Amino acid sequence: MAKEKFVRAKTHMNVGTIGHIDHGKTTLTAAITKALSYKGGADFTPFDMIDKAPEEKARGITINVSHVEYQTDKRHYAHIDCPGHADYIKNMITGAAQMDGAILVVAATDGVMPQTREHVLLARQVNVPALVVFINKVDMVDDEELIDLVEMEVRDLLNSYEFPGDEVPVIRGSALKALEEDNPDGPWTQKIYELMDAVDSYFPDPVREIDKPFLMPIEDIFSITGRGTVVTGRIERGVVHTGDQVEIIGLSYETKKTVVTGVEMFRKILDEGEAGDNVGCLLRGIEKDEVKRGQVLAAPGSITPHKKFKAEVYVLKKEEGGRHTPFTKGYRPQFYIRTADVTGTLVEFSSGAEMVMPGDNINMTVELIYPVALEEGMRFAIREGGRTVGAGVVTEIIE
């Protein structure tokens with residue numbers, strides 16, 4: 001029989017488990033793979049396989065992340081699980097493994113704990129579109145009313161961080177019991193199916209990069225005699241066609257308008273370039289010295305230049321190659337935002353703290369010396385003297 005070819009018929013989505021340490025995130029991840037393996041939608045991945053998370057590098061930061069995959073009738077999922085609390089923070093801030101939706105795991109025995117709060121806050125800051133809740137370890141709580149209280153507490157927490165806490169699906173179960181059950185029709189395994197039904201129906205389909213408005217960070221600029229100026233870069237999102245109107249944004253508040261008169265890839269002329277392509281765009285009526293690395297080429301009106309913003313930042317420890325000493329307000333490092341490398345000042349820390357230690361994560365206000373194309377949810381690196389000292393995500397634009 002001919003080998004079956006991979007058909008991309010289902011929507012692909014990135015999800016993950018979040019929540020306090022020892023509340024059962026990894027056990028639940030294993031239980032999902034086991035439950036779906038009965039239906040042929042996954043290979044069962046045991047707990048200790050997931051717990052040995054391999055190291056990954058993102059923006060110079062080492063993060064331990066486990067990836068498993070599984071599918072339901074509706075979607076194909078890539079699921080991430082991190083062994084340590086610090087790994088979650090680093091992952092969410094750097095966007096190393098992006099989440100289109102997250103499963104918040106809360107132990108019925110404990111209720112909402114400090115990391116539960118921190119993960120929900122981070123999910124809000126980095127714009128995770130939707131959460132569902134799994135109240136775990138309900139087999140260890142005899143009084144149903146206690147579980148009701150935990151559910152109310154979780155819904156209140158979600159509301160306080162602007163998630164729709166009253167409508168978020170909350171499923172009660174036991175990941176460990178589901179793993180021990182070995183029966184696709186068992187009551188605990190049914191709870192896992194119930195959770196996956198909620199994930200299928202409640203998480204909205206992610207917007208693909210190619211369907212978003214066109215944006216390309218400018219890496220290099222060339223002048224071609226008789227033809228004009230070419231800017232090169234990797235298209236971050238959307239599609240660009242020959243003849244499209246675009247804007248050149250950043251480095252000043254003035255936005256230049258131009259038309260793409262040609263798109264080239266590997267020295268061949270194309271009709272269009274799309275997200276992920278490394279291309280050169282020929283621009284009408286633009287001189288070589290009017291464009292700089294660090295600006296972006298974008299669909300008109302889709303992004304604007306800004307200097308001042310709030311960001312959630314993870315400060316690297318010295319073992320990660322970061323600073324050995326804390327820094328205070330007024331610190332002026334370099335901010336690497338897409339292809340721009342711009343000096344900025346830390347105006348203030350939201351917590352009212354006076355200084356930040358290596359290994360901390362903190363929300364801060366930053367003011368750049370000149371404007372760059374900025375939007376909420378955008379990632380950046382902070383560097384000083386040639387080394388990365390922090391990684392951040394824009395949470396709010398001020399001006």
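Cβ from N, Cα, C; glycine included.
Taken from Swiss-Prot, the feature GTP binding site applies to 19-26, 81-85, 136-139. Per Swiss-Prot, Mg(2+) binding site is recorded for T26. What Swiss-Prot lists as domain 'tr-type G' is 10-207. Taken from Swiss-Prot, the feature region 'G1' covers 19-26, and the record attributes it to similarity to another entry. According to Swiss-Prot, the region 'G2' annotation covers 60-64. Residues or ranges marked as region 'G3' by Swiss-Prot: 81-84. Marked as region 'G4' by Swiss-Prot on the basis of similarity to another entry: 136-139.
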Neighbourhood of H85 (GTP binding site), C-beta criterion under 8 angstroms, separation at least six: I21, Q115, E118
Distal contacts, the region 'G3' (81-84) - CB-CB under 8 A, six or more residues away: 16-17, 21, 25-26, 29, 50-51, 53, 63-66, 68, 91
Residues near G19 (GTP binding site) in space but at least six apart in sequence (CB under 8 A): K25, L104, V105, V106, Q115, T116, H119
V138 (GTP binding site), number of other Cβ atoms within 10 Å: 21
Which of D22, K25, C82, the listed binding-site residues, has fewest other Cβ atoms within 10 Å: D22
Residues satisfying Cβ distance under 8 Å from the residue listed as 'Mg(2+) binding site', sequence separation of at least 6: T17, F47, I50, D51, S66, D81, P83
Stretch-averaged pLDDT - the region 'G1' (19-26): 94
